Amino acid sequence: MAAAGARLSPGPGSGLRGRPRLCFHPGPPPLLPLLLLFLLLLPPPPLLAGATAAASREPDSPCRLKTVTVSTLPALRESDIGWSGARAGAGAGTGAGAAAAAASPGSPGSAGTAAESRLLLFVRNELPGRIAVQDDLDNTELPFFTLEMSGTAADISLVHWRQQWLENGTLYFHVSMSSSGQLAQATAPTLQEPSEIVEEQMHILHISVMGGLIALLLLLLVFTVALYAQRRWQKRRRIPQKSASTEATHEIHYIPSVLLGPQARESFRSSRLQTHNSVIGVPIRETPILDDYDCEEDEEPPRRANHVSREDEFGSQVTHTLDSLGHPGEEKVDFEKKAAAEATQETVESLMQKFKESFRANTPIEIGQLQPPLRSTSAGKRKRRSKSRGGISFGRAKGTSGSEADDETQLTFYTEQYRSRRRSKGLLKSPVNKTALTLIAVSSCILAMVCGSQMSCPLTVKVTLHVPEHFIADGSSFVVSEGSYLDISDWLNPAKLSLYYQINATSPWVRDLCGQRTTDACEQLCDPETGECSCHEGYAPDPVHRHLCVRSDWGQSEGPWPYTTLERGYDLVTGEQAPEKILRSTFSLGQGLWLPVSKSFVVPPVELSINPLASCKTDVLVTEDPADVREEAMLSTYFETINDLLSSFGPVRDCSRNNGGCTRNFKCVSDRQVDSSGCVCPEELKPMKDGSGCYDHSKGIDCSDGFNGGCEQLCLQQTLPLPYDATSSTIFMFCGCVEEYKLAPDGKSCLMLSDVCEGPKCLKPDSKFNDTLFGEMLHGYNNRTQHVNQGQVFQMTFRENNFIKDFPQLADGLLVIPLPVEEQCRGVLSEPLPDLQLLTGDIRYDEAMGYPMVQQWRVRSNLYRVKLSTITLAAGFTNVLKILTKESSREELLSFIQHYGSHYIAEALYGSELTCIIHFPSKKVQQQLWLQYQKETTELGSKKELKSMPFITYLSGLLTAQMLSDDQLISGVEIRCEEKGRCPSTCHLCRRPGKEQLSPTPVLLEINRVVPLYTLIQDNGTKEAFKSALMSSYWCSGKGDVIDDWCRCDLSAFDANGLPNCSPLLQPVLRLSPTVEPSSTVVSLEWVDVQPAIGTKVSDYILQHKKVDEYTDTDLYTGEFLSFADDLLSGLGTSCVAAGRSHGEVPEVSIYSVIFKCLEPDGLYKFTLYAVDTRGRHSELSTVTLRTACPLVDDNKAEEIADKIYNLYNGYTSGKEQQMAYNTLMEVSASMLFRVQHHYNSHYEKFGDFVWRSEDELGPRKAHLILRRLERVSSHCSSLLRSAYIQSRVETVPYLFCRSEEVRPAGMVWYSILKDTKITCEEKMVSMARNTYGESKGR
């Protein structure tokens, strides 16, 4: 096999390119040694330092970096495969592409596709260093390997690579050490403690020597600076000109591929590979890496010739390239580059053309005849890289040696030997003499040599494979050494492969299960033993892509994206954001999107503009070139929906003839749609399981479900026209029977005609659901709607003798237990409670009477406890369960739930019940009637019927007989009763004349235990799908999926504002606090938290309150808005408003409350409440309109003032007395004035009423000023102020004052969950002053 050519990469990472010389010339500029001294004092990088010191060290000691590029052309040619996409001009700019183009004419299948060129690879690197794959080549370019070797020259010279085409169609590439290196590795001693001690001592010695040298150089530097400060520059001096060029170093390039004639190739193969043994039985080509050379002058050609012949002993084709070290600002070098670039293309094309002609004619070519330009640049077209080639010149090699040189054409590229220099004409006198400069230079060289000897140069080989996309086939293998890895960061389209690692060349291979996951690499964690992926805490595997991780714990970060943070300005001095917004976002709510598997629904802003209010304060101007806008509009196409994008590809079917190829009752649709082949079902129909037609799943069965539609014998199909669309039809499927059989009443099973009995003597067929005793136990139950479904879950059989007293035979599987006698016929009267339904909306509250009250009276009898002992699934339910699979859609499962329910009843209470609700108009009326009932039943003890009479019977008697009391208390009482079942005649508490029944049929009263229907499903996958659909129907309205404790809505479940609404935000019900009745200045409100356990998350409640008077425009006056979370719980509210939170009867239910303590008496107030969720939605409003209690009145003081006014008015009233009476009446409040008038008229009306006397004594003007204040008293308060007695009292009511423990950051949008807010509550006593109104004292 011909040895593949190689080249040294001239990239910037190479340590050979641009290596500075350390060969000094007489009279150097004085600043160069000083600069070199500072560079040497700094710790240099290992590779750069090693290359810098290469001139003054031994050839085998410095660190080297070499890059070799190996073409795969010879191996691919031997495989006799066609390289797809190669054409004559494909490789005009790349050597690999040209070679592929030259090889393609003689290869079969050159017009194949890229997929046909996939190859199996087996890459093995026994040396430390990673393997990288980059699919950065075009399909017309030839794949190649790049070896980047770092280490000493002795180690690099032992590196070998082998490339071979295996018989099984695999391209094998192996990088290893030579036999001596392998032997050294295999026989290395296991215990190296003495050598390590010696190395440590030598290391300490070297550090000491280096420290002394550094101190010496520092002293020389200080001495030089002192001399420089004492000297002065000569008066006549010139500024030196910059050097036009410098001495350049040598670097070696390997040709990517050299095309040889057949005789030379055969002679080379026979002479080179006879002494080598193949590992697998096929000749393996083997190319050693050349050593580097030392620093040498260009004026010594014989030394160069000797070096070249030393390299040629390995039988390789080499090239010496001269690359100058240019300085910034050299105009001549730039000019040379520009001039050389013009002649580059012609020379490269002519060279490649002669290569192709030589290959076709099988004759060698004399490359030395070509006259290339001084420099050339070749840029290979790559997807992600573009490398410039160094300038070269071509000629015949001189002084070659070796047996191979006589048998084949030897191609050697080398650079020119001389470069012109431009000397400086200016002379600058240096203050440092030559002796000091020489000392500094020698010390620098010694220091560099010592530093270089201390550097560790381990041997590493990085193998990079450059291939076209989809070149590597699945099943390829890679082997790396322990500690190395496979780099696929630049592999855009990786293949499935096997990855192994080994400790050394003789150790067994260990499979790296995690590293070989190229197509589905684990995002976070990977188990090295199994290769399975896992996630960090707070993350969970993606449901679809198990190797990816999604957030499972979002903490406080859920909610809309905080775009408002971006809208505000930022002060660099203070480091804070300004409260005013500089920018304004324009949102398009229809383009909202979910963050991937998260709780956040994001509405991105479609435009960002300057806020009009801030435009006057800022100097920001946003402009855009109209030409750019037009060009962008011309070059881009916008599609509103995905269907618009699909429709741009044209029709999917031709529906003009033969229904577009759609079968049966499918309709042909020419428009392209997502997941549609063009054949769709008519509306309200769905395809059959086998896809042969469309049917109505709510009315028929599916004969193609795999279970014969649940039919016992025949499943028949019939095509019927749709009633709402005459052009469409549906396939109706039903069960049938063969001859001598008849369809059973269940519609699916068949009965023999001989066994069918008809007539009055035959057994009655299965009765209907409503006529079956305890039939609810055999049917499904919807736990959300609290209703029993018609779908029968369990089979109703009467094979066992299941009897109970006073009832016919019961169905099998039912266990009926009668309750004890002491629990039968018991009347229960609840405690009187405020009527919550009357504490919301427009409230008519009378502080003299109190809250409206309600009581409940309940009597239960004929009670039975019913349980399911054994269950047998019904045939229809079993057939439906067989149809359901884990792939069943949510719509199918929801249809099942709608028909059969979500649970079945396992235990329930049956019997009869009488429930009566007693509504009292006020708390005062309820208390008086209760006292009256107790008094009469106690005093009339001789009448047994009254003594044992229930309270409900006593009230009913009062309402029936119209035995009204003096104060008409019973007039506002209302009794509403509801009866379930029939009351037995044995219960005197509920029986009614004419409606007694000895053994009434018990009805369902209470469900004690339910079991989900998915427990009846055996398959775990189907069970999980059913559970998911059940959760969706319960919490997400069947339009979304439940994830943790929230709903991810479908794309169709969005409201008009573009926000998800599958989990509706319920309306909170604002009401007066039942435990704290309003006073003249204090009102307490409360509401139940509407946040469900799963679904919508409430972020805040907004409470608005305003005073509504006759003279107030309610539309213009909006009142005051308070945020429950930000204003009340955070403590920002005033002392007049406080927040609280308590729990209801169930601990999971939270009740929020707000107390207002500074309201005006006798004022009409309107309170409004709405909820805000974490996505910015607002619930519907809930309002409470209430007039506060009348102002407090001191009745004793009012009576004293009335007596004082009478005394002033009595007899002759002087001017002083008139003024005193006027001042006294004007100082009191309007309510006190009204009460003074009441007392004056009650006591002294016979001497003239208050109005007439005031006008007579004070005059019309002053009397009008006083009496006009009485108009401010409302009609409600005026009626109460006319009461005979008014007593003042102070009540002390406990109240929970709560405050948030969390401090919210200022200037940030806060979207937290209110229920999760940590608050601390403290119980305090609230004093409330009230007036008690009555006709007599003490009542």
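Using N, Cα and C of the backbone, Cβ positions are placed for all residues, glycine too.
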Per Swiss-Prot, the candidate from N168, N1061 carrying the annotation N-linked glycosylation site: N168
Recorded disulfide partner - C987, candidates C825, C1062, C1136, source Swiss-Prot: C825
Disulfide-linked residue for C711, taking Swiss-Prot as the record, within C694, C735, C737: C735
Partner cysteine of C533 (disulphide bond, per Swiss-Prot) from C522, C549: C522
Reduced DSSP assignment, C522 (disulfide bond): coil
C1062 (disulfide bond) versus C1047 (disulfide bond) - Cα distance in angstrom: 7
Tally of residues which DSSP labels helix, strand or coil - the domain 'EGF-like 1' (510-550): 0 helix, 11 strand, 30 coil
Neighbour tally for C1190 (disulfide bond), based on other Cβ positions within 10 Å of its Cβ: 26
Counts by DSSP class (helix H/G/I, strand E/B, coil) across the domain 'EGF-like 2' (651-695): 4 helix, 8 strand, 33 coil
Cα proximity to C1049 (disulfide bond), best match among disulfide-bonded residues C522, C662, C1136: C522
DSSP three-state assignment (helix, strand or coil) for C977 (disulfide bond): strand
For C987 (disulfide bond), the three-state class that DSSP assigns: coil
Spatially closest candidate among C514, C522, C1190, the listed disulfide-bonded residues, to C825 (disulfide bond) (Cα to Cα): C1190
Residue pair C916 (disulfide bond), C535 (disulfide bond) - Cα distance, angstrom, rounded: 59
Rounded inter-Cα distance in Å - C549 (disulfide bond), C522 (disulfide bond): 9
